[in-house]
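Structure, as structure tokens:
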Amino acid sequence: MTGVVVAPMRVEASALRMPGLVVLRGGMGPRRAAESAQRLAAAGRPVLVAGVGGALVPDVRPGDLVVATEIDGPDGRVPLPSAPMLAAALRRLGLTVHLGPIASSPSVVDGAERARYARSGALAVDMESAEFAGLPGPVAVVRAIVDTPDQPLWRPGTVLRGLSGLRSLRAAVPALREWCEAAGEGELLLASPRSFCAGVERAIEIVERALERYGAPVYVRRQVVHNAHVVRRLEALGAVFVQEVEEVPRGATTVLAAHGVAPAVRAAAQARDLRVIDATCPLVMKVHSEVKRYTGRGDTVFLIGHADHEEVEGTVGEAPERIVVVEDAEAAAHVRAPDGGRVAYAMQTTLAVDEAEEIASVLRKRFPSIEGPRRDDICYATTNRQRAVTTVAEEADLVLVVGSANSSNSLRLVEVARRRGTRARLVDDVSEVDLRWLAGATRIGITAGASAPPDLVAELVRCLQGLGRTRVTETVRADEDVVFTLPREVS
Ligand code: 0CH
Ligand code: SF4
């Protein structure tokens, strides 16, 4: 059942009335709001309270919107977990949106009382939300600001500020409609394993320990793992991310990213007297070793992978003259070697298992004596996450993959889900979830790439539960207990 918008006052309801949106008048003040809430509880529909409100802090201005992360009412604080997705939908409309607690007061707030409410940490105040916040189904609250601490009610300009608030409410309608259509009962299907792998945990810990032991700044060549949130957090701790070691001051502490580097990069780091701490995943190092062994004895190596990916650049750097990158089955069908009897193949660790196998089988057919890994070079974490998302995709209407756009293994999870015929989207965090994707999606699968922090998944789950997908089941396709030792510089 889609949601309804509840507007306390007639003027607010009029601003919100547009095709496709069910708008009810809830009445002004807590008493009338309580009566409306009782009626809505019986109807069991998701409720979005929308109206005007007063700002409590100076940077929330007339015409801005405040989306409540929680309602602070007489009976305590009630969280409204779908708020980040509603805020993101409103921001996509170009509106100025603040995300934070809203206080719900029994009467109009001004003067000293406004200051008292502000001290609670709330951004805005209204008089009705507390009555709706505790309803059993999904609830959201958005308030368009008309008065502020320095421009209180009943001062010159109130009418204009009121109009500006009502204009914002009207402009918000497309996003409110999206929320109403996205809200509804359903289930979350968590794929397991998901999120951090052992190589990523090790790489992050290396940077953290380097900062502790050697002090900031610690330079990191390239993104230590391909995740914007991880990079931002480490930057806040004092890590400085660079593209090339040439940008690092001589002698400085420098971490090499998890994806591995070409020997030329190590040589350049040595030439600058850098204290190098290598965060290359041991499973990437294993592929480097295989490739070195093959090329060392004169073989041509077909490296199955994406030519512009950092891991592949690093591996190719082991012997650029003897390594040929093969990106797809079509390329495998035409690739050549100086001596077809002396060939081998290896793989990027984060490919789609089925695609890589298809490419390898073309190579094996064309070069019967070709040597390669016993099964593949795709690491345990990539394989397990793909297996788990496959199972979940078979049951889901939509799969959400948490990960950054430059993360190969995360992108592969999206593709694997889509190959099962299921809609799938990659999101860096909840703010990238478009409410329109969720309309009609009763069963939503969730996974995360090996570089995506687990707390982002937890936040996504909370948000979707706030939209009504309250049941959570987990499909476990493998147990992971892999742990890698740390390099001696930080152990
Ligand atoms: O999936 P890719 O290789 O893009 O990298 P990531 O997202 O940083 O995940 C961790 C893998 C690191 C090296 O295999
Ligand atoms: Fe290592 Fe695999 Fe994780 Fe890459 S995805 S860091 S190869 S465990």
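Along the chain as shown, the residues are counted starting at 1.
Keep in mind that glycine also has a Cβ here, set from the backbone N, Cα and C atoms.
In TrEMBL, annotation is done automatically, which means it is predicted and not curated.
According to TrEMBL, the features are:
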DOMAIN    22-133  domain 'Nucleoside phosphorylase'
BINDING   Cys197, Cys281, Cys379  [4Fe-4S] cluster binding site
BINDING   His226, His259, His309, Ser407, Ser408, Asn409, Ser451  dimethylallyl diphosphate binding site
BINDING   His226, His259, His309, Ser407, Ser408, Asn409, Ser451  isopentenyl diphosphate binding site
BINDING   His226, His259, His309, Thr349, Ser407, Ser408, Asn409, Ser451  (2E)-4-hydroxy-3-methylbut-2-enyl diphosphate binding site
ACT_SITE  Glu311  active site, proton donor
- request: Could you check which of the binding-site residues Cys197, His309, Ser407, Ser408 have their CB within less than 6 A of ligand 2?
  value: Cys197
- prompt: What kind of secondary structure is His259 (dimethylallyl diphosphate binding site) part of, going by DSSP in three states?
  reply: coil
Query: At its widest, how many Å does the recorded dimethylallyl diphosphate site span between Cα atoms of His226, His259, His309, Ser407, Ser408, Asn409, Ser451?
result: 15
Query: In terms of Cα spacing, which of the recorded positions Cys197, Cys281, Glu311, Thr349, Cys379 are within 10 angstroms of Ser451 (dimethylallyl diphosphate binding site)?
result: Cys197
Message: If I restrict to non-local contacts, at least six residues apart, and a C-beta distance under 8 angstroms, what lies near His226 (dimethylallyl diphosphate binding site) in its own chain?
response: His259, Gly403, Ser404, Asn406, Ser407, Ser408, Ser410, Ser451
- line: Excluding His226, His259, His309, Ser407, Ser408, Asn409, Ser451 themselves, the isopentenyl diphosphate site's Cβ centre has within 8 Å the residues Val225, Glu310, Glu311, Thr350, Asn406, Ser410, Gly449, Ala450
- prompt: Where among the binding-site residues Thr349, Ser408, Ser451 do you find the Cβ with the fewest other Cβ atoms within 10 Å?
  reply: Ser408
Message: Taking only C-alpha atoms and a 10 A limit, tell me which of Cys197, Glu311, Thr349 are near Asn409 (dimethylallyl diphosphate binding site). These are the recorded positions.
response: Thr349
Field: Additional residues surrounding [4Fe-4S] cluster, by Cβ distance to the Cys197, Cys281, Cys379 centre under 8 Å
entry: Ala198, Gly199, Val200, Ala258, Leu283, Val284, Thr349, Thr350, Tyr380, Ala381, Thr382, Ala450, Val482
- prompt: Should Asn409 (dimethylallyl diphosphate binding site) be counted as helix, strand, or coil on the basis of DSSP?
  reply: helix
Cα proximity to Cys197 ([4Fe-4S] cluster binding site), best match among recorded positions His309, Glu311, Thr349: Thr349
Cβ-Cβ distance under 8 Å to Cys379 ([4Fe-4S] cluster binding site), same chain, at least six residues away: Cys197, Gly199, Cys281, Leu283, Thr349, Thr350
Message: Return the average pLDDT for the domain 'Nucleoside phosphorylase' (22-133) as a whole number.
response: 95
- request: With DSSP as the reference, give the number of residues of the domain 'Nucleoside phosphorylase' (22-133) in helix, strand and coil.
  value: 37 helix, 36 strand, 39 coil
Task: Return one of helix, strand or coil for Glu311 (active site, proton donor), based on DSSP.
output: helix
